[in-house]
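A short write-up of the structure that comes next.
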Amino acid sequence: MEALTLWLLPWICQCVSVRADSIIHIGAIFEENAAKDDRVFQLAVSDLSLNDDILQSEKITYSIKVIEANNPFQAVQEACDLMTQGILALVTSTGCASANALQSLTDAMHIPHLFVQRNPGGSPRTACHLNPSPDGEAYTLASRPPVRLNDVMLRLVTELRWQKFVMFYDSEYDIRGLQSFLDQASRLGLDVSLQKVDKNISHVFTSLFTTMKTEELNRYRDTLRRAILLLSPQGAHSFINEAVETNLASKDSHWVFVNEEISDPEILDLVHSALGRMTVVRQIFPSAKDNQKCTRNNHRISSLLCDPQEGYLQMLQISNLYLYDSVLMLANAFHRKLEDRKWHSMASLNCIRKSTKPWNGGRSMLDTIKKGHITGLTGVMEFREDSSNPYVQFEILGTTYSETFGKDMRKLATWDSEKGLNGSLQERPMGSRLQGLTLKVVTVLEEPFVMVAENILGQPKRYKGFSIDVLDALAKALGFKYEIYQAPDGRYGHQLHNTSWNGMIGELISKRADLAISAITITPERESVVDFSKRYMDYSVGILIKKPEEKISIFSLFAPFDFAVWACIAAAIPVVGVLIFVLNRIQAVRAQSAAQPRPSASATLHSAIWIVYGAFVQQGGESSVNSMAMRIVMGSWWLFTLIVCSSYTANLAAFLTVSRMDNPIRTFQDLSKQVEMSYGTVRDSAVYEYFRAKGTNPLEQDSTFAELWRTISKNGGADNCVSSPSEGIRKAKKGNYAFLWDVAVVEYAALTDDDCSVTVIGNSISSKGYGIALQHGSPYRDLFSQRILELQDTGDLDVLKQKWWPHMGRCDLTSHASAQADGKSLKLHSFAGVFCILAIGLLLACLVAALELWWNSNRCHQETPKEDKEVNLEQVHRRMNSLMDEDIAHKQISPASIELSALEMGGLAPTQTLEPTREYQNTQLSVSTFLPEQSSHGTSRTLSSGPSSNLPLPLSSSATMPSMQCKHRSPNGGLFRQSPVKTPIPMSFQPVPGGVLPEALDTSHGTSI
């Protein structure tokens, strides 16, 4: 018996030792703000203790330590305390800072560490970059899979074809986690904006309205149409509510909420509070079959955690589920360790001592855990070589619309780490939602956009016009119907003092109409409260004005030149004439002192002016001019007249061939500078606000709009403005009033006017346009915009424009019946050069005349010899008598007449005694001459001769001696000087038959006949 006892004692001791080692002690560290981690951990240990399939006789004990959030020092202290108690593994659920500190400790002590990362404040988590172990042995295992949100978001924006969007994140989110996403988005050419959201979300939106202008808010609203929210569910709900309340969100906005942890009730809250489309990305776990929903690997899970009807599961966070599966993974490893009988006893470790050695069973326990494979609440869990759990799956939910249930959520696709995206994220075409719908349309009568076509009693009004045609084309393409009615006040929409809106805009804001269409322009103020489609027609402001009446002028031939030019030309004619007269008088005085010549044709004032006028009209009339001064004067005058006549001809041709409306007002600048005509627009209209904004802008350098606004806003607009466009058109037709309004409207009024009495001028350049107004946040805006662009591409809009604004209508705006010459009269400054040329010529002529007078007077005084006297007629008579006395017996003069020319002879000195004149009756020779300035009649002498007498001189009645001019005495002394201003005086001799002249003339005489 004793021998049997001794033989069984070692076995009994071994069994006792195994039973003692079968008590499994686990340490746990949680943050104090995670109360559910503690409860779930205890629930997991309780479930495993009751499961005999995993641990038959083994019992799990645990020690839990609670630390502050993000306190690594406290985490290390509590972990050392647990190691002193002796633990087989450490399970933690903390942030990244505490996890890094615990990793270093567990790596040094060889204690397996199962780490579950928590979401910071419910915000999306970012990856924890754990420090690698120096010896390459990492004892920390990440139970929760790495963050894959960047991959999901990149695939999502790619599927949605976003090119520009904004990402909002809160203070709890580590923006460094987006670095990889931003790098990939940059390579794809995406425009990504980041904006941090403070905890006081209402303050964020309030600051936007205080720091941004209206244009900036409109751009910010466009940015919000595509947004990704990296916020907590509560933060996202508050953010969307503020965006909707401040009218920064619209029905065509698309919100993408990305967070691994969000419950179904939270999703529904987001969907119902948001305007537009909502997409939610969250992590999901595979659901088990109904008969196995509470069983995982033969492990019975508490119904609180596996039965959705209990409701407790919906309240758990993802970190709680991974914490439960981490305990299950440890229990599975302990079970396999016990089966393999490779159990290592727990050891008390003192991490403060330097001599403390790590647990020798840590490596074996770590390998067993890493080889484990379980299926828990989160699905499959196992660890790869990098100590991470790779299995993760995401669900992508999207909003749906229905007539019965309104807005709801449906599953669009899933994403997992192995297969990627499974499903389609493309938005369902919105056009299908309009099929069969009836929209309420509000409008305002405005020709030719909207007009009443028929008005039958008892039936709704029928409308026609350009905007109605566009609406019909959209209804046909999209398959919807519409009911149209007029705005009660007949206005487009203007913000009142109480911040409310009237007109069509007010109808949209109050939800009484789905859309508004007419000649409504897209303005920043209107776009802040309603949405607009793409413009279907450009907009500009024009001036409707009455055409000027036709003016007939019989003096239009004077139009090519300005009055000052005509005055200068009229003054130049007598000035030049007087100068020519003076020059001729000077020349005549000089000539009288020598020969007393006959006055020239320009010696009188009226004759000189007549010569000038003849040259001006290019008809001649001037006598021969030999003086240098006269030639300079006439040359300058001829050049002057050539330029003047050529310019007159060219400009007159321009006046006759180029003609258009001669209206003094052609631009807004012309309108602002005149005061004879009043002008205005419709009060409280878009045009009214346009001039107000331009006229009151201190940065506007052009003062034109400021002057226009002063006139338009006089007396609050009551003096010059009208209440409706039709009133303004009627007022412009009456005359003396310019109506400023949309070019499209006033052009139609001018084209269809019965009298064609008005025209449109002064188009302004504007970036505005006519669009379709919809309720703020309407989901149909993009659909209408797309169809409008299609109508533009196909040319259908151009066809509709030609229908209502024909190029050849009743009135032609390109030509006018009252067209007048549009050329410009040449001003005096344009002719200053030619008048300068004339003045220089006249001055030069005066100078030359003075020099010529001085030169000739001095030269004649010095060079005239005493013996070189000009013979007069008496000398000729005496010479002829002497010749006849000497040779009368045998010299005869031919019966032909003898003409003596080239004898411009001056008289002798008054004191000289003349020889008596002898008569030769028998020769019957007649001598005739004309003496200028001495007498007004001719003097003749007759010499008689016998009929048989002959003169052997080569003279005949038909022969004329050439005229001669001499300034020096000839060698034979027979030539006389002739004054350059005197004309040759012919002398005729009529011989009588029987007269005999001497046979030859004495060459010694100084008279030539």
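Every residue, even glycine, has its Cβ placed from backbone N, Cα and C.
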Item checked: Same side of the membrane, ALA453 and LEU671, by Swiss-Prot annotation -> yes
Check: Quick one: Swiss-Prot says CYS351 makes a disulfide with which of CYS80, CYS96, CYS645?
Finding: CYS80
Check: Which one, from the binding-site residues ASP753, ASP755, has the smallest tally of other C-beta atoms lying within 10 Å of its C-beta?
Finding: ASP755
Next item on the list: Select the closest residue to PHE73 (site 'Essential for dimerization') from the following binding-site residues, measuring between CA atoms: ASP753, ASP755, SER757.
Entry: ASP753
Note to self: Around the Ca(2+) 2 site formed by ASP753, ASP755, SER757, list the extra residues of the same chain whose Cβ is within 8 Å of the site's Cβ centroid.
What the structure shows: LYS547, LYS733, ASP754, CYS756, VAL758, CYS811
Item checked: Listed in sequence order, residues with CB under 8 A of SER757 (Ca(2+) 2 binding site) and six or more positions away -> LYS546, LYS547, LYS733
Next item on the list: Using a 10 Å cut-off, grab the number of neighbouring Cβ atoms around the Cβ of PHE73 (site 'Essential for dimerization'), all chains included.
Entry: 11
